[in-house]
Each structure stands twice: as structure tokens, then as C-alpha cells.
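The domain 'HTH lacI-type' annotation in Swiss-Prot covers 5-59, and the record cites sequence analysis as its basis. Annotation source Swiss-Prot lists DNA-binding region at 7-26, citing sequence analysis. The alpha,alpha-trehalose 6-phosphate binding site annotation in Swiss-Prot covers 71-77, G126, R147, 187-190, R194, T242, Y284.
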Amino acid sequence: MQNRLTIKDIARLSGVGKSTVSRVLNNESGVSERTRERVEAVMNQHGFSPSRSARAMRGQSDKVVAIIVTRLDSLSENLAVQTMLPAFYEQGYDPIMMESQFSPTLVMEHLGMLRRRNIDGVVLFGFTGITEELIAPWKASLVLLARDAQGFASVCYDDEGAIHILMQRLYEQGHRNISFLGVPHSDITTGKRRHDAYLAFCKKHKLHPVAALPGLAMKQGYEHTASVIMPDTTALVCATDTLALGASKYLQEQRIETLQLASVGNTPLIKFLHPEIVTVDPGYAEAGRQAASQLIEQINGRCDPRRIVIPSTLA
């Protein structure tokens, strides 16, 4: 669909010069917040985005995709991004990285800016708070990672399967008093689904569940390990490698050497520092490859949005 307005029209309606509109479109400095808001309001009102030909004339790539991670320091998300980038480069796309910090408001702002720049597509690392309404305009050119949504392409991890694999391995090793360190249920995947899988295994095998759900941070793992270590506990399952790193530090300080740790992640850091920990690989690298491939196929009209589930494997 052709834009009814040009950059010149937006400049006139906003009462600014064309160069100012260009700075706003490119998210450049040198524009006051008040002016930026005025220009963005006009663009939003008229549904404006720059044409591909206009971008090409400014020397910008005609093939751009965005990757919106939740945290730039996330070990798991970085593993997925590492396989996405080569896939995009190979097909001639220039990826740009953005961070949501688990904020739906930030995601909305990022998507608004990306729409105005008329980029080709988005890989969005999902989290609780991302609604279908928020991402609705991107249905044909967005892939959710680690979350799913009706009608949208998604690449998800087998959260229940990952915990079941760990619990089964520990059970086969003779452990019957297995505690769990996880994430609050407000996080549907890493939190609720993994905790529910732990509880389901305990119920099936008549084990007594002992769990704490502090959060995602390493420090939270460290601070809450004591609350799930009973006198008869022989193993501790952690919902993430980050929690396992915190738990391991606590166990070392307390000189507890007989307790078996297990975690979901199999990140390079955990394997290097603690090769003794039983880990499950949820397929972060494969998820990155699949997400990039799915987005490229959608951009080129070769497939419709679909849900992909990456199987977990014992590392």
C-alpha cells in the first residue's frame, strides 16, 4: 500500500523541517523531546511510514529485521541470537538489536519506531505482558520466541519435557527427596509450566514436593537455596542455569558436597564451572535458527505463521 503522505507533508503538518522528520524516523539525536512527540503524533495519526525507495535513496539497507531481547545479558537469549545472526546475514538482512527489559511499554515503543522505519520483520522474545493486541499489526511479519500467541508464528521450548527429563534422570539415580528452585507463576513458561511439571512428577511417583519460586536472578537462587534444603534432601532441580549458579555458590559456602544439582539450560558457563551438574539442553541454539528461518519464510510469503516446539535433550 502506498503512503498517502510524504516526509515533506509530515514536516509541514508538524511545523518542522524535513531533516527533523528524518532524525525522528531514524531515532537520531538533535531533536527535542517535545518536537519528537509532535512529529510522532502526526505520523501515528496518518499511519505514516517511509517508503522503501526513500530509504534506499538515503543509503539504508532495504532488508532490515529487528531482534528484541528481554535482557542483553540473558545467557539463554544470547545463545539463540548467536544462531539467528548468521541466518539473517546469509540472506542479506541487516539485524538490529533492541532490549525490552520485560516492559510491554518499551515493546510498544520499539514496534512503533520499527513500523515507521518500515523494517521487514521482528523476532520478539516473549514474556508475560505481551498481548495479542500489542503485536496485532505485525501478525504476518513477527515471530515470538519462548512464548506463543493465537494466530502468530512462535518458537517455543518444551518446558514440561525439560523438567520431566531431569526428574526422571534423578529418580533413576535413586533420588527420592528432590527439591525445586524456580520462578513465580506470573512467568507462564519458565515459571508455571516448569513448576507444574515438577509437581506432576512428584505426584505420579509419590514424592514429597519442596519448592521455592524466587525469580530469575542468580542472587535469588543463592538466597533461597537454604529454604528448600531439608535434612533428607539429596537433589535440587533448578528451573534455569542462572538459579543453579546461585544455588551452587550457596552449597560451596556451606560445604554441602553430597547434594546433586540439576538445571535447565546447558549454557557454556554452567558446563565450564560445574560439569558435575546434570543439565538439560532446551534447544536455545536450534530455537534461534528456527526463528530466523520462519521469519525469512514469512517475509518472502513462502509460509504462514505456525507454532514450532523445540524438544529438550539431556546434555
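Even glycines carry a Cβ here, placed using N, Cα and C.
Sequence-distant neighbours of L75 (alpha,alpha-trehalose 6-phosphate binding site) (same chain, six or more apart, CB under 8 Å from its CB) are D241, T242, G265, T267, L269, listed in sequence order. The Cβ of T190 (alpha,alpha-trehalose 6-phosphate binding site) lies under 8 Å from the Cβ of D159, G182, V183, L216, A239, T240, each of which sits 6+ residues away along the same chain. Each of the binding-site residues D73, E77 was ranked by the number of other C-beta atoms within 10 Å, and first place falls to E77. Reduced to three states, the DSSP call for L75 (alpha,alpha-trehalose 6-phosphate binding site) is helix. Residue environment of R71 (alpha,alpha-trehalose 6-phosphate binding site) contains 16 other Cβ atoms, counted within 10 Å of its Cβ in all protein chains.
Within 10 Å of the Cβ of T242 (alpha,alpha-trehalose 6-phosphate binding site) there are 26 other Cβ atoms, across all protein chains. Summarised by DSSP class, the composition of the DNA-binding region (7-26) is 16 helix, 0 strand, 4 coil. Taking the DNA-binding region (7-26) as a whole, pLDDT averages 85 in the prediction.
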